[in-house]
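Working notes, beginning with the structure itself.
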Amino acid sequence: MKAFYGILIILLFCSMFKLNESTTINVKCTSPKQCLKPCKDLYGPHAGAKCMNGKCKCYNNG
């Protein structure tokens, strides 16, 4: 049973690192719409974008 919990914790940590694939780029923004094109240029058509603290944050969803 201890081995099961150990494997479960390892899988949890691995999934957290996979979900956190984001990059902050040096593009100023006030809305996510301003970030979408630069992020798509960087990661391709499946990229996601957010505007956080006046900078664009890109997510690789592909």
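Any Cβ shown, glycine's included, is placed from N, Cα and C.
Residues annotated as disulfide bond in Swiss-Prot, with similarity to another entry given as evidence: Cys29-Cys51, Cys35-Cys56, Cys39-Cys58. Taken from Swiss-Prot, the feature asparagine amide applies to Asn61, supported by a curator's inference. Summarising the annotation, Swiss-Prot assigns signal peptide to 1-22. Marked as site 'Basic residue of the functional dyad' by Swiss-Prot on the basis of similarity to another entry: Lys50. According to Swiss-Prot, the site 'Aromatic residue of the functional dyad' annotation covers Tyr59, on the basis of similarity to another entry.
Everything Swiss-Prot records as a feature, shown here on the structure.
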residue : record                                      : Cβ contacts under 8 Å, 6 or more apart
Cys29   : disulfide bond                              : Cys35, Cys51, Gly54, Lys55, Cys56
Cys39   : disulfide bond                              : Ile25, Ala47, Gly48, Ala49, Cys56, Cys58, Tyr59
Lys50   : site 'Basic residue of the functional dyad' : Pro32, Cys35, Cys56, Lys57, Tyr59
Asn61   : asparagine amide                            : Tyr43, His46, Ala47, Gly48
Other CB atoms within 10 A, centred on Cys35 (disulfide bond): 24
Fewest Cβ neighbours within 10 Å, where candidates are the disulfide-bonded residues Cys51, Cys58: Cys51
Secondary structure of Cys35 (disulfide bond) (DSSP, helix/strand/coil): helix
Helix, strand or coil at Tyr59 (site 'Aromatic residue of the functional dyad') [DSSP, three-state]: strand
Site with most surrounding Cβ atoms, counting all protein chains shown within 10 Å, from the recorded positions Cys56, Tyr59: Cys56
